[in-house]
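Asks: Straight out of TrEMBL:
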type	residues	note
BINDING	Cys447, Cys450, Cys487, Cys490	Zn(2+) 1 binding site
BINDING	Cys456, Cys459, Cys474, Cys477	Zn(2+) 2 binding site
DOMAIN	213-379	domain 'Helicase ATP-binding'
Amino acid sequence: MLVEVAVAAAVRGTFTYRVPASLEPEVTLGRRVAVPFGRSPRATGYVLGFPESAPDGVALRDVAAVLDQFPLFTAPLVKLLRWAEDYYLVPPGELFRAALPPGLNARGGGEAPARRAVEFAAPCDGAAGALDGLGRAPAQRAVLEYLLARGRIPLEELRAALPKARPALTALVKRGLARVEAEAPAPAGAELPASAAAPALTPAQAAALAAVEEAAGAYTPFLLLGVTGSGKTEVYLQAIARARARGKGALVLVPEIGLTPQLAGRFRARFGADVAVLHSGLTPPERHAEWLRLRRGEARICVGVRSAIFAPVEDVGVIVVDEEHDGSFKQEDGPAYHARDLAVVRARLEQAVLLLGSATPSLETLENARRGRYRLLELPERVDGRPMPEVEVVDLSRRRGGGRGAARPELGLLSPRLAEMLRETLAAGQQSILFLNRRGYETLVVCEDCGREEQCERCSVSLTHHRRRNVLTCHYCGYSVPVTPECPACGGMRRGLGVGTEQVEAGVKALLPGARVERLDRDAVSGADDLASVLARFARRELDVLVGTQMVAKGHDFPGVTLVGVVLADTSLALPDFRARERTFQLLAQVAGRAGRGGEAGRVLVQTFHPEEPAIDCARTHDYARFAEGELAWRRQLAYPPHGRMMAVRVEGSEAGARRTAEALGQAARPALGRAMMLGPAPAALERLRGKSRWHLLFKAPDAASLRPVHRALARVAARPPGGAAVRFDMDPYSML
Ligand code: ADP
Ligand code: ZN
């Protein structure tokens, strides 16, 4: 017997091995094996298939051992991973490894899974009255009669009694005449805040759920567009409850930072032990244990971050991607994949319903909805009918706005208006959040008078300041100009603004000496525990002001917060990234969603040098549609996604080596470009990281297929880079740093 194996190494492609007769029964699809590879006698491999014949002229070697007692990957997962390996141009072994929980990777093998939870079928109340109406559906009638006679029975028993029971039962469930339940979930823990009872849906929610229900059983992607607080999560919960009643499993992907105890708690409160949670805050043994519960079928609902797209849930009926626009769904290190995009592929493989939820969908997803590939469901209002918070914009440029608190330099970037609002909020006994998307490695070069920052005319992304050479550089194409002290637009003084959360924290303390202020960023909190404890103190109202980065922007629900201040919106606008405007709009919308979750109305203040920027002006009026319209038009003009595809090629090595490799890649790409266009090679925005020099090349093309010839030409160079640097391919790149 022959077996096709992906080896856990940085190589593309798969390898064929012989299976010794003694191992044959154990070598099954999705298990790990030990195989000789190169000079290693026992490399880990993943069993992907059983070819009839071996490639010519290859001396076959034997599988050395089988590492697992059961397959770690189900057949649909193997298909999903193979699709991903091919599309993302990554080594398959690395991808299969990334799909497993880290605890399992370290161990020798997994223990055998126990039988999965028993499922029961039962008639619904009042079903007896519907028997006569089933005259034309004899199979359904037989099943319902059986259930009415026997009550709640294990599904196995029903199947044994009536061989064709399953489709009939599914039809009965759809008609609301029968239900299917997994072994009763454990009662919700006493510490869970949410009430487990499902509320009656609003008309908009009910319409969305009905559309999802109607689609059940076939691949159907939906975009669920609804502002924060419009009840999206409740729609997910009820759609999952229906799927579970049909015996189907569910996958819920949430952003890294969105997987708060609150959200996990809501799922646990509704579904109890049927929920397994997978995220990086768990210890490896905890993660392994949760993974095993899913693999064994003891839990059929997985709530997790990015890598949970590979969770071993069988027979998935619903896949939810909450905050689908969030950047954390893109894996940046190791095998670069996008979990939201893989969710589309997995939903197709599993014939599942896909719910992509967001208040500010990515333009890729919006465009798919506009072209009719996804069905659009809207929740236009907040559940409680509360209005969206009022957003006020303060112009920081001296010429138009009057600038910052010049009289009190210790207040830093806090404008007189922001200072006033902070004081008022504290005096009213309410809480404030101050948000700053700080970039630790860069200062922002702006004109103090007019606020102008420079953009590359070819690429339309912000130029980045380099202190060492004192130039402004485009990190897409390499264009570069010296920095002059005067603003080329108005003649005013340009300044490098160094801003960070620490300075803001100091400013708040100077302004409000009695207030309880805490900072939340990667420097201030180190682990998930720290983060949770600061958030818990804030939730208990033991803190008045929370100053932080992205970490404060998402997912949390603090009823006491009535003021959200964005200290400097321009930091994210200035990112050298074609998505800078989109990300800024999304961030502002998220942040604004934090205000006024309780009884009091919320206020949002945004400070900026660019009040006229659509990303800021549309956030002020909560106008996603207008923002998206303008942004899509601009993307079309410059052929950026969703109008076309991109591929990034990242190079890392010594200073001379990275440059040489990048230049060689550029030369190799040129004759292969076809319909693709090349930007660069250019130094990456993070030019040095962990002692390595970084370069990149960007390719734009009308479709993914047009990037293939470029990849083929570059792969030859990447295999033997002349400068000895490491080369990584990144399809549909997200971070441009
Ligand atoms: P989103 O996910 O869109 O932010 P949620 O589903 O979290 O919205 O709903 C916001 C709040 O409203 C939550 O506290 C939730 O419990 C509550 N809620 C949602 N739907 C309903 C409903 N139909 N009736 C009453 N309360 C609801
Ligand atoms: Zn450029």
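Cβ from N, Cα, C; glycine included.
Nobody curates TrEMBL annotations by hand; they come from automatic prediction.
Neighbours and distances for these, please.
Replies: Cβ neighbour count for Cys450 (Zn(2+) 1 binding site) (all protein chains, 10 Å cutoff from its Cβ): 18.
When secondary structure is read from DSSP and collapsed to three states, Cys477 (Zn(2+) 2 binding site) falls in the coil class. Residue density at Cys477 (Zn(2+) 2 binding site): 18 other Cβ atoms are found within 10 A of its Cβ, drawing on all protein chains shown.
Per-residue pLDDT, averaged along the domain 'Helicase ATP-binding' (213-379), amounts to 92 for this model.
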Asks: Kindly point out which of the binding-site residues Cys447, Cys450, Cys487, Cys490 have a C-beta less than 6 Å from some atom of ligand 2.
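Replies: Passing the 6 Å Cβ check against ligand 2: none.
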Asks: When DSSP is mapped onto helix/strand/coil, what comes out for Cys447 (Zn(2+) 1 binding site)?
Replies: strand
Asks: Relative to the mean position of the Cβ atoms of Cys456, Cys459, Cys474, Cys477, the recorded Zn(2+) 2 site, which additional same-chain residues have Cβ within 8 Å?
Replies: Glu457, Arg458, Ser460, Val461, Leu463, His475, Tyr476, Gly478, Tyr479, Leu679, Ala682
Asks: In whole Å, how far is Cys474 (Zn(2+) 2 binding site) from Cys450 (Zn(2+) 1 binding site) when you measure between their Cα atoms?
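Replies: Distance (Cα to Cα, whole Å): 21 Å.
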Asks: Sort out for me which one of Cys456, Cys474 has the most neighbouring CB atoms within 10 A, since those are the binding-site residues we care about.
Replies: Cys474
Asks: Report, as a single number, how many Cβ atoms besides its own are within 10 Å of the Cβ of Cys490 (Zn(2+) 1 binding site).
Replies: 14
Asks: Within 10 Å of the Cβ of Cys447 (Zn(2+) 1 binding site), how many other Cβ atoms can you find? Include all protein chains, please.
Replies: 23
Asks: Do me a favour and check the Cα-Cα span between Cys474 (Zn(2+) 2 binding site) and Cys487 (Zn(2+) 1 binding site); whole Å is fine.
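Replies: Cα-Cα, rounded: 18 Å.
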Asks: Could you check which of the binding-site residues Cys456, Cys459, Cys477 is the closest Cα neighbour of Cys447 (Zn(2+) 1 binding site)?
Replies: Cys456
